[in-house]
Amino acid sequence: MSADFTNGMKALRRSLKKCAEDALHVHQHNSIMDETESEELKEILLESVKNMMNLESEAYKIEEIFDKLNEELKNGQEDMPSNAKMVEMWEAKMQKSRKKGGEVQVFKDIINAIENGDGAENSDDEMEVMQVQHSRKDPISKKDIVNPVINKKCGHVYDRDSIHEFAGKKRQIKCAMQGCSETIVISALEDYPEYWQNIKQQ
């Protein structure tokens, strides 16, 4: 039963992260809206991602406390404590666990990208992305690209393993293509299967 609870909480946290990434994707592709509608959508997305970040932190804390209580009960008395005792133990742990935890940096990066307008594209930008000349070489490792991912903001393509290794624990980095000043939100990189066809046509 404890394993089911832990797995359920981990699945919930994965879903929260995916929803936040989807919110960023919506923000990046809202060019069909007028300025007022775009600002309204931006505020809605920001509020949603902030709520998701708080839920991630709480879910992480609950998961951590549950695991600690479960360990204590395993190593403690044989008799199962009463409901009142369980509530008392839970509340004591909650009071001690005030620090926010979980993968909140992912959400902070997405909030920052939405607030600063990073990735907001219009139809002209989309045309520019399609016209970027792609290289067979990854700009970081200088080796042939195997698993292409694209930064839609500038249209530059990387090998997925190469850019993740280059970024390390950073969630946001400057595009490594020489002369490009765009920022890359690592979680917003998209798989780019069309890359191979585009390479053939160049």
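FYI, residue positions are counted from 1 along the chain as it appears here.
Cβ coordinates come from backbone N, Cα and C, glycine included.
Copied over from TrEMBL:
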COILED    38-72  coiled coil
DOMAIN    123-202  domain 'SP-RING-type'
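Per DSSP, the domain 'SP-RING-type' (123-202) is made up of 27 helix, 18 strand, 35 coil. For the domain 'SP-RING-type' (123-202), the mean pLDDT of the prediction comes to 80.
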